[in-house]
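Written out below as structure tokens is the structure these notes cover.
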Amino acid sequence: IGDIMEETGALIRKRRATISTGKGVPLKQVNGRSEVDESVNGRSDSGNTVTKRNVSDLPSTTSKERKKRINVPSDRQSCHRLQESLLSSASGYRNYRGVLNWCVVMLVLSNARLFLENLLKYGILVDPIQVVSLFIKDPYNMPAACLVIVSNVFIVAALYTERRLSVGCISERVGLLVHSINLSVTLCFPVTIVLMVKSITPVGGASALGVYTVLFLKLYSYKDVNKWCREMSHAKARSLARSLSCKSSVSTDYQVSYPGNVTLRDLYYFVFAPTLCYELNFPRSPRIRMSFLLRRLFEMLFFTQLLVGLTQQWMIPIIQSSMKPLEDMDLPMMMERLLRLAVPNHLLWLIFFYWFFHSSLNFIAELLQFGDREFYRDWWNSETITYFWQNWNIPVHKWCLRHFYKPLLKSGVSKWLGQSAVFLASAFFHEYLVSVPLKMLRPWAFMGMMAQLPLAWFVARFLRGNYGNAAVWLSLIIGQPIAVLMYVHDYYVLHYREGSAGGGPE
């Protein structure tokens with residue numbers, strides 16, 4: 001009994017020592033002192049290293065602290081904390097990458113369903129050979145191509161005028177008059193040919209007018225820059241380094257000064273370069289990257305066929321089925337056709353943007369070793385209408401800013417009036433490129449561009465952030481098909497209905 005009581009007392013003392021240390025670590029008596037056995041890396045006393053400390057060295061805990069520690073719930077007892085739901089704005093959560101992927105998957109599946117429905121209803125309508133007939137009706141008569149070739153006359157006229165001005169044979173006033181006549185004829189001559197020659201198709205006429213519009217903007221910039229060179233050379237009485245608008249990021253050993261730039265080679269390089277703003281020394285890339293060039297060429301060929309195929313298979317059937325609701329003024333059916341047309345039209349617009357601004361312009365730039373490849377910026381993040389128009393077409397934006405907007409501000413015009421004038425000029429060229437090839441004067445493109453002014457004010461005033469970006473996308477997705485339907489309807493009424501009354505169209 002005594003032995004049992006002695007062992008019981010030892011266990012009680014051991015229990016008290018364990019509680020006093022605050023750890024579930026046993027105490028061990030060594031030389032009359034209590035020490036704590038702590039296993040290192042989970043090893044025991046049998047042949048392993050054991051760290052020992054005196055109980056007096058451990059931090060002491062009062063009864064009040066022990067009571068407080070007991071009242072605090074452990075991780076196993078508590079699983080809740082103060083927090084907001086992820087979809088609440090107060091949570092600060094911003095990672096919606098999975099939701100974006102879901103939207104892309106749903107969009108692909110939805111478009112696949114629509115495209116499959118189109119195939120089942122109409123069959124395969126894609127005919128690459130038919131594209132040739134969009135440009136020429138008679139293989140031996142190509143007026144649109146001849147019209148492009150004639151444009152060289154206006155290029156040579158601008159070069160000859162600048163050479164006369166550079167040597168002082170004609171005055172600035174006479175030079176301005178000659179340039180004005182040359183630029184006016186550049187715009188008016190193709191209009192006359194397209195309207196008079198019936199064999200020019202709308203697509204061929206639009207291509208020719210596009211070439212002449214680009215040429216007009218380039219020759220205008222060429223005139224302005226050479227004029228600035230003469231003004232600066234007269235003021236400083238010394239030669240002028242070529243670049244006037246932006247410095248070249250590529251160091252070149254050969255810098256041309258005015259009037260050394262007034263050459264046929266220099267002007268034709270500018271005519272073919274992917275820019276609308278003339279400079280004396282363009283930034284040049286060191287070499288032609290063949291792999292980059294071939295990738296861009298493959299993209300050009302692939303997306304050209306894709307654009308043609310989607311237009312024939314998807315766009316044309318929807319447009320043809322929209323004629324009767326437009327004639328009957330059936331508003332519900334018109335809205336249904338508009339929404340049905342919005343998706344393929346917007347998809348074609350996005351493909352065209354990549355084909356032209358990335359593939360085609362980069363191909364030309366690489367071929368000519370043109371160094372400035374900023375043809376677009378992040379317009380897809382636009383939160384205002386103004387930001388979109390400033391960033392989706394950088395060559396046109398630079399031209400408008402350099403040769404139109406800033407000269408207006410220098411003349412004393414206010415910023416708001418200057419912006420309105422830029423939109424007015426843009427609306428004119430949009431209508432010029434649509435109405436003339438269709439051979440009918442309609443205001444839809446002009447009105448669509450001018451409607452951007454109140455829309456830009458509304459979005460900038462009342463919408464911010466994601467709401468503004470959604471408004472920009474909505475205007476692109478819905479606005480374009482409205483204009484397409486209006487022009488197609490008017491073209492159908494003007495040509496095919498009258499043609500059917502007189503025996504049918506040709």
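Cβ atoms are placed via backbone N, Cα and C, with glycine included.
For reference, TrEMBL has these:
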type: ACT_SITE; residues: His430; note: active site
type: COMPBIAS; residues: 41-62; note: compositional bias 'Polar residues'
type: REGION; residues: 23-76; note: region 'Disordered'
type: TRANSMEM; residues: 99-116; note: transmembrane segment
type: TRANSMEM; residues: 142-162; note: transmembrane segment
type: TRANSMEM; residues: 174-197; note: transmembrane segment
type: TRANSMEM; residues: 203-222; note: transmembrane segment
type: TRANSMEM; residues: 297-319; note: transmembrane segment
type: TRANSMEM; residues: 339-357; note: transmembrane segment
type: TRANSMEM; residues: 416-438; note: transmembrane segment
type: TRANSMEM; residues: 444-463; note: transmembrane segment
type: TRANSMEM; residues: 470-488; note: transmembrane segment
Q.
Which range wins on Cβ pairs under 8 Å with the transmembrane segment (444-463): 99-116, 174-197, 203-222, 297-319, 416-438?
A. 416-438
**Q.** Paired segments the transmembrane segment (203-222) and the transmembrane segment (470-488) in contact, 3+ CB pairs under 8 A
**A.** no
Q) What else in the chain is close to the transmembrane segment (297-319), if you only count residues 6 or more beyond its ends and a Cβ gap under 8 Å? A) 115, 118-119, 121-122, 124-128, 130-131, 337, 340-341, 344-345, 347-348, 351-352, 354-355, 358-360, 363, 484-485, 488
Q. Per the 3+ Cβ pairs under 8 Å rule, pairs at least 6 apart in sequence, do the transmembrane segment (416-438) and the transmembrane segment (174-197) touch?
A. yes
Q.
Six or more residues beyond either end and a Cβ under 8 Å away: which residues meet both conditions relative to the transmembrane segment (142-162)?
A. 135-136, 170, 175, 178-179, 182, 185-186, 189-190, 193-194, 197, 199-201, 204-205, 207-208, 211-212, 215, 219, 222-223, 226, 262, 264, 267-268, 271
Q.
With Cβ-Cβ distances below 8 Å as the criterion, list the same-chain residues six or more beyond the ends of the transmembrane segment (174-197) that contact it, or say none.
A. 143, 147, 150-151, 154, 157-158, 161-162, 164-165, 205, 208-209, 212-213, 215-216, 219-220, 223, 432, 436-437, 439
Q) What same-chain residues lie close to the transmembrane segment (470-488): Cβ under 8 Å, and 6 or more beyond its ends? A) 319, 322-323, 326, 337-338, 341-342, 345-346, 349, 382-385, 388, 434, 438, 442, 444-445, 448, 455, 459, 463
